[in-house]
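Annotation comment: TrEMBL describes 54-75, 87-110, 130-155, 176-195, 207-227, 363-381, 402-419, 439-463, 484-507, 527-545 as transmembrane segment. The region 'Disordered' annotation in TrEMBL covers 564-584. Under the heading compositional bias 'Acidic residues', TrEMBL lists 569-584.
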Amino acid sequence: MITEPLLSSPKGGIRALFFIIANEALERLASFGLSTNMILYLTREYGMDAASGAQILFLYSAAGNFMPIIGAFLADTYVGRYPMIGFGCIASLLGMVLLWLTTIIPGATVPSCAQFSSICNNDATTPQLLFLYFCLGLMSIGAGGIRSCSLAFGADQLSKRDSLKHAGILESFFSWYYVISSASVFISMTCVVYIQEAMGWKVGFGVPVVLMILSTLSFFLASSIYVKPKAKASWLIGFARVLVASFRKRRIELSSLDTDELYHHRKGSALVVPSERIRFLNKACVIKNPEEDLMPDGRASDPWSLCTVDQVEELKALIKVIPIWSTGVLVSVNVCQNSFLLLQASTMNRHITSKFEIPAGSFYAFLLLSATMWIALYDRVIIPLASKITGKPTRLGLKQKIGIGILVSAASMAVLAIIERVRREIAIREGISDIPDAVTHMSAMWLLPFYFLLGFSEAMNGVGLNEFFYTELPKSMSSVASNLFSIGLSAASLVASFIVSNVRGFIGEANQESWVSSNINKGHYDYYYWLLSSLGFANFIYYLACSKAYGPCKGGQRGITGDVREGLIDDDDDDDDDYDDDVV
């Protein structure tokens with residue numbers, strides 16, 4: 001039950017959340033509505049081959065997933081969350097408007113070519129490409145500004161209240177935030193993509209512009225009622241200080257230091273002595289001369305020369321989880337194949353009835369449906385049933401979930417390779433191998449087993465990794481944990497681009513058709529998928545080694561949302577004086 005103070009307070013509260021959630025939902029509707037079908041726009045209107053278009057989108061995805069890290073750092077350290085979201089809204093809107101203008105202004109694109117044609121001489125000029133890259137860059141920067149701070153800014157509107165009394169409200173906010181965000185992505189991949197297919201690029205790109213205008217208005221209309229925290233030190237600065245202090249004290253001999261008094265620790269902290277792993281970093285918290293290194297109140301006189309034991313151990317915890325984190329990159333590479341999957345679906349029969357045809361770009365929505373279904377089945381059916389059978393609470397361990405996700409992800413690419421081989425053979429048998437945009441009689445519904453398996457992989461690996469980060473890293477690093485998965489997605493896009501570039505260059509020479517040829521019937525996308533599958537199985541072996549080296553987890557069965565909630569509330573309880581409701 002929501003109590004009166006949340007509704008009657010002049011700043012923050014439930015009413016502010018509606019505007020923040022609307023801003024994020026509309027932004028995702030707009031941006032995913034553009035990016036889902038972008039490979040078709042690049043190939044049809046810019047004369048690009050499929051591999052070149054995919055590489056551009058891989059880089060765009062990498063930037064979109066990495067920019068929130070930069071946005072979070074700038075917001076936390078310098079500008080604050082409210083100005084960062086506002087800047088993101090304006091940058092995204094400008095990028096979308098300029099991209100929409102390419103569909104209107106004559107000469108902004110090249111004359112149309114046949115879809116995915118390998119014989120197209122209408123290459124885009126350098127100014128046309130630079131303008132395109134500028135638009136995509138603005139959209140990436142804007143997404144980074146909004147997504148880096150939206151969730152935390154929403155929590156700011158509630159976290160000033162009593163933590164016990166309103167913890168349930170904050171947890172509900174997290175749940176609804178993710179549900180609405182996911183629903184927005186699903187709608188964009190179905191409705192917005194359908195509009196682009198049915199009404200063309202001018203209307204199809206104009207709709208996201210209108211949605212982004214509504215998103216921007218939604219955010220700024222409630223400006224006067226937001227709680228606006230001031231910027232403060234970022235965790236990145238804390239990590240940098242540990243590294244700098246360790247380097248400055250690199251000549252110190254640690255073997256002779258065996259008393260607690262020689263280490264600087266936070267007042268009231270349970271950590272008074274650093275651990276023995278990665279001992280070099282311990283030098284950062286060594287007190288060489290108490291009179292010079294410490295101020296009268298016990299703080300370090302130079303935080304770049306002396307850090308606390310807590311700071312050192314936080315960096316060690318991050319370093320320790322990096323090998324497990326790296327195993328998720330190749331799993332995300334498989335998720336990044338939307339451009340090629342769209343190409344595959346576009347050459348298959350997508351009719352549900354004689355008059356209704358599913359847009360090729362909408363098939364990726366089956367991945368969202370599959371992942372959501374598996375998460376619900378796991379939590380509401382499989383776990384209760386297993387617990388009832390065994391007579392005790394039963395859950396998969398975090399390492400087991402992550403490992404199963406990696407293995408199933410590799411298997412899903414093997415299934416996709418088999419599907420593509422059958423599709424290619426049908427195209428050859430039907431005599432349409434020289435027509436790149438010809439549609440075979442094979443139903444696109446054959447792609448659903450792949451999405452079914454990949455969704456299960458996401459439900460296991462994606463959720464497992466996020467929970468692993470939250471439970472294994474200290475509570476004070478909840479913001480770090482929330483960003484690690486996004487960094488992995490960014491790295492995956494770069495890795496995917498690297499793989500495509502090498503496959504295209506190495507196997508497409510000597511008059512041999514590339515595996516990822518623009519003519520999907522002439523290429524061998526099945527070989528490309530087998531390559532990804534093989535890398536996935538190798539990644540599973542690498543994961544087993546990383547998992548064994550990591551050792552036992554701390555527990556792994558605590559609630560993710562609970563950890564985030566506690567971290568946010570604790571942080572705000574320590575920084576009550578950092579709020580300035582009048583900051584713009």
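Glycine is no exception: its Cβ is also placed from the backbone N, Cα and C atoms.
The stretches the transmembrane segment (484-507) and the transmembrane segment (54-75) are in mutual contact, each linked to the other by at least three Cβ pairs under 8 Å (pairs 6 or more apart in sequence). Remote same-chain residues near the transmembrane segment (54-75) are listed as 31, 35, 38-39, 42, 48, 81, 83-84, 88, 133, 136-137, 139-141, 143-149, 152, 231, 234, 236, 336, 338-340, 479, 483, 486-487, 489-491, 493-494, 496-497, 500-501, 516 (criterion: CB distance under 8 Å, separation of at least six residues from the stretch ends). For the transmembrane segment (87-110), the residues of the chain that approach it from at least six positions outside its boundaries are 23, 27, 30-31, 34, 45-47, 71, 79, 122-125, 128, 131-132, 134-139, 141-149, 200-202, 205-206, 208-209, 212-213, 215-216, 219-220, judged by C-beta separation under 8 angstroms.
At the 8 Å Cβ threshold, with sequence separation of at least 6, the transmembrane segment (363-381) lacks contact with the transmembrane segment (527-545), having fewer than 3 such pairs. At the 8 Å Cβ threshold, with sequence separation of at least 6, the transmembrane segment (402-419) lacks contact with the transmembrane segment (207-227), having fewer than 3 such pairs. Residues 328, 331, 334-335, 341, 344-350, 358, 360, 363, 366-375, 378, 396, 401-402, 404-406, 408-409, 411-412, 415-416, 419, 422-423, 426-427, 430, 432, 485 of the same chain sit 6 or more residues outside the transmembrane segment (439-463) yet have a Cβ under 8 Å from a Cβ within it.
Sequence-distant contacts of the transmembrane segment (207-227) (same chain, six or more residues past either end, CB-CB distance under 8 Å): 10-13, 15-16, 19-20, 22-27, 29-31, 33-34, 82, 85-86, 89-90, 92-93, 96-97, 100, 153, 156-157, 160, 192, 195, 579, 581, 584.
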